[in-house]
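Below is one structure, written out as structure tokens, with a few remarks after it.
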Amino acid sequence: MAHPRKAVATPATLQLGPPAQTAQSPAATLRHSRTASSSRRLSLIRCFISCHTFNLFLLLLLLASGVRAASKLATRSNKTSGSSTASGVGAGTAATSAAAAAASGTPIWDHAIDLNDDFRILWQIINQDITFEIQARTLGYVGFGFSPDGNLAGADMAIGWVDKGQTYFQDRHVTRNGDPEPVVDPSQDYMLMLGYENATHTVLRFRRKLDTCDPSHDIAITNDTMRLLYMYHAQDPPHGSVRPGTLPDPARAFRPYRPMVLMQRAQLPMPSPTHDERVRVLELRNEDVELPAGDLPLFWCKMFKLEDINRKHHLIRYEPIYDSSSSVHYLQHITLHECQGAHAELEEMAREQGRPCLGARSIPLACNAIVASWSRGSEGFTYPHEAGYPIESRQAKYYLMETHYNNLKPDFAQLHARQMADNSGLKIYFTHVLRPNDAGTLSIGMDPNWRHIIPPGQKRVVSEGQCIEDCTGYAFPQQGINIFAVMMRTHQIGKEVKLRQIRQTEELPPIAHDSNIDVAYQDFRRLPQSVHSMPGDRLIAECIYDSSSRKAITLGGLTMKEESCTVLTLYYPRQKKLTTCHSLPSLPTVLHSLGIEQLATDSNPVLISSPPELAGMTLEARLISYDWENQFGEFQEATRKGSFKPICWGAKNHVVPGSEFLEGYSINVTKTYKKHRRCKPKRPLAPPTERTAPPPASDLSELPVLHELDNNNIIEGAARSSRSSATDVHSLSRGSGRHFISCLLWLGASSWWLLLMLRT
């Protein structure tokens, strides 16, 4: 027993050191032990009640959240299934839903395209996310993705299928080892949102970032022309396996790629001008044009006289008319020109069936304003609500349609077959209900001429068509113009086009840029916001070519074997002082770039007189014999820094005053524009597994809201029926059940622990 310490002088109420121990009786000790045990049990019971009350509260919240999410998904499923029957889309219900959507003004999908008769892709872009939906006429696996050049190697793919009610979905890529089967990415950057199949179709909806920041396996979705890859097969992989070699016959499942622009497009639903009594429709067709044999080009001109448009109308849409599926392969461009004046040749041509454009002597000057322009791959163009192209017989009654025929992939086995006749053309829609602004077309670029030289065997050749500040300063209104759409054109070796804008000596962001252009798809792009251009701006069409596959030089011209560098812009308000704003390297620049000092006078063919080592050589021979491999740098520097001839024409066949005597030079830019690529950290998704379920309710609540489809946006038979699987609802139910069972097990274990403590 411890001894008490010696007392010190302290206040009576304060005691230092441990208190003195006193002896207790056994009965008192027993009573104290029982009291402590009862207190401990009471504390445990209170702890049990508090903890379990809190956990029961959490459990109720979990169940309520699960029921609410399941109800939302079930409602969405019922909307889809309610608009269709088991065999296809219910016409009455679909019409009702479409009418309701139209009445509410809510968008359905931004864009939709049929890649073939059995495969439709729909998409919507919200901020930096893009959501796709595949509707494919198959009960096997489907795939959709992107390729940098149309080849399988390096392709970025999303693959999925539905098997026994379970959706399988993976982010994949095609390796460069020659195997066409896409393999699963180590980083899963595509998120499944919905998957089902019915008696005929498989439907998958999924989301990804425009730029997933995974350049090793994914392709960023930009304003460039994308090469869309798609595939589908009648069978699913066995047992849902995603291991290499389990995808049935991928080489045959792939279909030919389609070049397409995904971002700068007019949104759906487009207006239906044919059902508007205020809209007039006019078909401008060629008449029995004999298509050229082989790969020979043909430029055909057909004049139309429109005399019955007695008051001002606005052109609001145009689209191609194909005479037959065979003629599609021949059509390259269709351009509708507005002709000024009443020349005798215009009236003469209006009475004719048409003629080759080279036989129209004064047409290029009389018909200098472009009304509409269509290129291969385009589905037409719809003007925005703020502008339309003005049409009125008192202003212009003659319209020239120029059609460029050129079959890039001719079947020479049919060379001696009977020539086909074509009656293709343009369908235009115009209305007397005028838009707020008159629209105009301005062509910017390199004038088609032999002085536009592209050397052979080079990966990157830069050409620039300059619209100089003298011409924009003269023609543009004081408040400037608003550019709302752009079409970029090259021919077969063009790879990149940019429309640059320079104000004084500062380069502004490019008006348009495509670093992956495709000759098979050159359409007008609707800019997200109109770009303002002021008088005195310099506009430059910069084109980059890859001539590494060519052994001889390529010259500028109109045929597909020659090259082009043109950017067509649609803008408002319209002005007539400037419709063509091109440039052309000056003859001294061309000669200097080839090491030529002087040409001989009055020589035919053209001969070189100096320097002495080239004297007597023809200009054509110099073009052929020039050492392009070792002297390309000097050539490129001379053409970009040398002088050029501005070509500025207005709608009424007038040259911009003073421009015919100007000699232009490249502008000294003191502040260049550089785009910085910024990749935000990726949101981690589930690692690749053999079964990838849709995201849980918490993730689904963050996905962009997509209104269900009307009859026009569901491929026939693709609607969900009563027999369709709905894995999103089932997966959510399974997830909620697992959480509920886990909570019950936890409560049971904690109760057993409490009973054990009470017994001890």
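Backbone N, Cα and C define each Cβ position, glycine as well.
Worth saying up front: this structure is predicted, and the values here are computed from it rather than measured.
According to Swiss-Prot, the compositional bias 'Low complexity' annotation covers 18-34.
For 47-67 (among others), the entry in Swiss-Prot reads transmembrane segment.
The N-linked glycosylation site annotation in Swiss-Prot covers Asn78 (among others), and the record cites sequence analysis as its basis.
Restricting the average to the domain 'DOMON' (117-233) gives a pLDDT of 95. Look at Swiss-Prot and you will find 117-233 tagged as domain 'DOMON', backed by sequence analysis.
Summarising the annotation, Swiss-Prot assigns N-linked glycosylation site to Asn198 (among others) and lists sequence analysis as the type of evidence.
Under the DSSP three-state reduction, Asn223 (N-linked glycosylation site) is assigned to coil, being neither helix nor strand. Marked as N-linked glycosylation site by Swiss-Prot: Asn223 (among others).
Swiss-Prot lists Cys339-Cys367 (among others) with the feature disulfide bond. In the three-state DSSP scheme, Cys367 (disulfide bond) is classed as coil. Within 10 Å of the C-beta of Cys367 (disulfide bond) there are 29 other C-beta atoms, taking all protein chains into account.
All protein chains included, Cys467 (disulfide bond) registers 31 other Cβ atoms within 10 Å of its own Cβ. Marked as disulfide bond by Swiss-Prot: Cys467-Cys581 (among others).
Among the features that Swiss-Prot reports, disulfide bond is placed at Cys543-Cys565 (among others). When Cβ atoms from all protein chains are considered, those within 10 Å of Cys543 (disulfide bond) total 27, not counting its own.
DSSP gives Asn668 (N-linked glycosylation site) a coil state; it is part of no helix or strand. Within its own chain, Asn668 (N-linked glycosylation site) has Thr505 as residues 6 or more apart in sequence whose C-beta sits under 8 angstroms from its own. Taken from Swiss-Prot, the feature N-linked glycosylation site covers Asn668 (among others), and the record attributes it to sequence analysis.
Residues or ranges marked as transmembrane segment by Swiss-Prot on the basis of sequence analysis: 740-760 (among others).
When the glycosylation sites Asn198, Asn223 are compared by the number of other C-beta atoms lying within 10 angstroms of their own C-beta, Asn223 comes out lowest. For Cys581 (disulfide bond), the same-chain residues that are 6 or more apart in sequence and have a Cβ closer than 8 Å to its Cβ are Leu442, Ser443, Ile444, Cys467, Ile468, Cys471, Thr472, Leu539, Ile647, Cys648. With respect to Cys543 (disulfide bond), the closest of these recorded positions in Cα terms is Asn223, chosen from Asn198, Asn223, Cys339, Cys367. Other C-beta atoms found within 10 angstroms of the C-beta of Cys339 (disulfide bond) number 28, with every protein chain shown included. If you take the Cα of Cys339 (disulfide bond) and the Cα of Cys565 (disulfide bond), they are about 24 angstrom apart, rounded to a whole number.
Within the same chain, the residues at least 6 positions away from Cys565 (disulfide bond) whose Cβ sits under 8 Å from its Cβ are Gly445, Met446, His452, Ser463, Glu464, Gly465, Arg489, Thr490, Gly494, Val497, Ala541, Cys543, Gly556, listed in sequence order.
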